[in-house]
Amino acid sequence: MSWIELVPAFVACAAVLVAPGALVARAAGVPAWLALGAGPGLSVAFYAVLAVVLARSGVAWSPVTVGLLALGCLVVVAAVAVLARRATRSGWARVTGLLPGADGLGAGPAWSGTPSEGSSRGAGRRWAPSTWSWRVWVCAAVAVSAVVTVVPTMIGMGTPDAPLQQWDAVYHLNGLALIQETGDASQLNGLYGAGASVYYPTAWHAAVSLVVSLGGPLTASSITAAANASTLVMSVVWVLGAAAFARAVLPHRPAVTVLAALAVSAFSMFPTVQLATLAQWPNGLATMLIPGAAAAVVTATRSWRSRADRTSPPVARVTSVVLTALALGSAAGVALAQPSGFVGLAVVLAPFVVTVLAVVVRDAWRGGRRTAVLVPAVLVVVFVTAAALVLSRSSVLDMVFGFARAPQRSIPVSVARILTDTVLTPVPGNIVVSVLVVVGAVVLLRRRRHRWLVVSAGLVVALAALAAGPENPLRLVTGIWYTQAARIEAFYPVPAAVLAAVGALAVVDRVRASGRVRDKAPGAPWLRSPVALTGALLLVAFVTSAAFQAPQRAVRFAQAYDPASIQWGTMLSVDELELMRDLPEIVGDDAVVLGDPFSGAPYAWSVGRTHVVLPQLNISGLDPDRQYLVDHFDDVTTDPRVCEAVRELGVTHFYVDRTKPRDGAKRSPLGPALSEVDVSTGFVPVATAGDAALYELTACG
């Protein structure tokens, strides 16, 4: 499969993730920048809820059904918006008009209305491009970031339909195959749960399964290509969300939006680690949604804070309600994609929320409205106490927080690793951007504005360091992320990209204001241009970090996709992958394949469109028949109980790969029952690929 052939899947995935939520938000009057940033969260929330409703109603999950219902929602929202406009006798209030008039970063910074304070040249000259020019700048920044992020990913994948060969990937790819077969994408039925009421966050599976269905009849590439397309699309939507977050935080500093959109692609924590090394597509979806949802929350909160100052209260009130609905919907999308992602959103926004609440409480207390402060405070304490008591008895949370993971490194090393962005490799890191983050933090702290952003970044770093660090009581707090630092580190670029943008503008301001630069300016006009200086700074950052660590990103993806480069055990070689793709022609439609899941046998379902007995690497909680085969299949010619299980499960074929771990194969923790089977009797060879072989099982008649 060529990359050109992936374009339809990429476009379909982008439409599935972005279009429903963004169009509904736009129909409600939300500005385009916020609709694009927070809209995907609405889309995911819509899919997650709709999947449950359709499953309960007995309606299959399909693009036609979902598309018609999404269109219906869009029409309803548009109609309500028209009625609201008429009721208020005005159009929507502009969101930017609802925000504070100053951002606290001082007058005349780089890329603003006038040159830096102290500059002897260009006094009164307008540096700020028009609104349309800023839109072009932002679009260009998003495009550049998308290329910087996506190209190494494509290089590392090798081919667009290559299967991701990681533990979690096996589960998720076969989950897509299951939804294609059953038409059930409900979060309450649980993947592989046989309809049991077991919760599992299937929002990613629901969305990507629509992409698979849009491609027509299943082929060997349908599921893997759709999953890989989602990786590329999520990388781009992540950049859109980061730009929206920067715009929401500093609405009157468009240069910050441009630079944050560029800076976010410099950080290696996401999407590379989560979507390649860890293969956490659902968790990655939640992470991708965090900046857009945070932008919606910040904007909605500010709209309520500034509503009292508006000259047309009805319009302002309606706008605030719309923004609040957007914030709640996008935050719900994060939670439904992966609950731990919602906690990550809370971590990023906690300093902002605390700051706003402190101001509200202070104003109310000073205004004599002390009852309005005390009553909600008591209710919050009661609610939190009750919730804590209920959650403390939850077996699920007990399992999550009790998840044991060995410490990886000391806390100081973890902090330095994040701040210098040496997550992928110790060298070259991301020194220039890391310095800009620190400079931006210092600027905000000194000017006493938006200090919550600094606290937000610090909080993420602290939690990640605790998760990776040595055992201590506070490490328990990170249990919601399975005490895995990489899950927490992925949030760091959200506040850090904005800090880096602020730092870059501060550096450019200082350079333009320096006397030495003014002396050299007549012979070097570019020294007077904030755009040129900023571009030069970014170029230095790009070069010194080896293209924002593009080679290391490509290597990480290759280590998860390329059979010759996989670092954690190859499940399918190139030849074995071709065998899997040819399975329908080899074994027919009714075949069921048994094999050690660590040998690559589960890919027979997602790649080979053939049912398997063990669809994932986790074999805990198996039913009695499957467990008996795992333990005793090598006795198939002597133990009648084995044949009973074979007939009960409909097993027709056996797949075995005799490649050893010393030769690069994934090490299996299972016993010899599925790997050391005597196939001289009761088995008929069907196909071979390297050290792997597929047999027809005849021992049980």
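Glycine residues also receive a Cβ, built from the backbone N, Cα and C atoms like all the rest.
Note that the coordinates shown come from a computational prediction; the quantities given were computed from them, not determined experimentally.
As given in TrEMBL:
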type: TRANSMEM; residues: 6-25; note: transmembrane segment
type: TRANSMEM; residues: 60-84; note: transmembrane segment
type: TRANSMEM; residues: 134-155; note: transmembrane segment
type: TRANSMEM; residues: 223-246; note: transmembrane segment
type: TRANSMEM; residues: 258-279; note: transmembrane segment
type: TRANSMEM; residues: 285-304; note: transmembrane segment
type: TRANSMEM; residues: 316-336; note: transmembrane segment
type: TRANSMEM; residues: 342-361; note: transmembrane segment
type: TRANSMEM; residues: 373-391; note: transmembrane segment
type: TRANSMEM; residues: 452-470; note: transmembrane segment
type: TRANSMEM; residues: 490-508; note: transmembrane segment
type: TRANSMEM; residues: 529-548; note: transmembrane segment
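In terms of C-beta pairs under 8 Å, the stretch of 258-279, 316-336, 342-361, 529-548 lying closest in packing to the transmembrane segment (285-304) is 316-336.
If one looks beyond the transmembrane segment (490-508) by at least 6 residues along the same chain, the residues whose Cβ comes under 8 Å of a Cβ in the stretch are 105, 109-111, 242, 245-246, 249-250, 253, 255-261, 263-264, 266-267, 269-270, 273-274, 284, 287, 290-291, 294, 344, 347-348, 418, 433, 435-444, 453-454, 456-457, 460-461, 464, 530, 533-534, 537-538. In summary, the transmembrane segment (258-279) does not lie against the transmembrane segment (316-336): fewer than three C-beta pairs, each 6 or more positions apart in sequence, are under 8 Å.
Counting Cβ pairs under 8 Å to the transmembrane segment (223-246), the stretch among 134-155, 342-361, 529-548 with the most such contacts is 134-155.
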